[in-house]
Amino acid sequence: MQVIVALAALGSLAAPALGFSIPRGVPVSQSMIDVKLSSTGNSMVKATITNNGNRALNLLKFHTIMDSNPTRKVSIESEDGKEIQFTGMMPTYKEKDLKPSYFISLPPKGTVEHSFDIARTHDLSRGGKFTLKAEGMVPIAEENGTEITGAAKYHSNELHMTIDGEKAASVENAFGIVKRGPLTRINKRTSIDMQSCGNSQELQALTAALKASAQLSSMSAQAVSQNQDKYMEYFKDPQYMQTVQSRFQAVAQESSSTTGGGTTYHCSDTMGGCEEGVLAYTLPSQNEVFNCPIYYSDLPPLSNECHAQDQATTTLHELTHNPAVQEPFCEDNGYGYERATALSAEKAVQNADSYALFANGKLNLITLMLIIDPD
């Protein structure tokens, strides 16, 4: 019976959304906000965000140019066209119960500035000439509200900077080298930092999430070729089918490897990245994943709701951010169903949430519950 249900689920992936998703049907503006980049020092950048509309807006900061965490806010290319390695964090944020502090209020025609040092999240020690630009989509709430009612795309100007490599190297990186305790492969899975797992309940929850991530990823790898309509909904172009399938297979292997994986998973935050609203985060430059307290307190192990977050798919999402799982690793190009399915094929195939959303079909979750706990 379990096998029959599992096969049926492969052809019936739903269309859920993770994270602070933009509700279906809300308007997406191409010109509601303007973002201008300017240089204010050797590696300091100022983003000036302008509300072009005639009404006040509440702009959600998460995964945007305004994010206060050391996330990727701009793309940086050297003079020879090579992308500069990102050394910051890739967080997964909680969708529900958004707080006013997560937003920036912007009056009509008003502006707000956000400054950041790109040397904290990129290796610029070689110095020289660099080209920066920013693009993305900002979830929007009405004035004084926290319910997402729309979104605004932004594309900044290109900023050309000449950076002193020695000065850039003297800037403290947002995250140093991760110090690990003893490593253990729990039930032959990815390496877990046991020193970070002082709470036995957290260790048990992480172990279960890895098992569920492995099974969801394995089923999704099969679904890529068995449900092409659903594949096209998320990834747009059949030429990337093998890439998507191989990434799901890589995540499944990393979650349940019999030979040991390339990532290290931490039950708790040992690097100070768990700011308010962060469920978990990855340091892709080091192949390290960290769970935050609300990963355990606010998420169920598995949800039977299509649009809900849970521990299993959050773990799956984080693993796609690691180059040790598959290169190039996934970015956060679009978060939530509306943003993920609006991406181009080239962006979608490299978007972490596209994989988590595809895997997080309601029937897949119900099937997995039956497989894990048939009683």
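Count begins at 1; order follows the chain as displayed.
Note: Cβ is positioned from N, Cα and C throughout, glycine not excepted.
Cross-referencing C267, C274 with Swiss-Prot gives C267 as the cysteine bonded to C197, criterion being a recorded disulfide. Matching Swiss-Prot disulfide entries to the candidates C274, C306 identifies the partner of C292 as C274. Each residue in M90, T92, T282, E318, T320, C330, E331, A352, D353, A356 lies on the same chain as H317, H321, D332 and has a C-beta within 8 Å of the C-beta centroid of that Zn(2+) site, without being one of the site residues. The Cβ of C197 (disulfide bond) has 22 neighbouring Cβ atoms from other residues within 10 Å, across all protein chains displayed. There are 31 other Cβ atoms within 10 Å of the Cβ belonging to H317 (Zn(2+) binding site).
Here C267 (disulfide bond) comes close to I192, D193, S196, C197, G198, N199, E202, L203, L206, N291: these same-chain residues lie at least six apart in sequence, with C-beta atoms under 8 angstroms from its C-beta.
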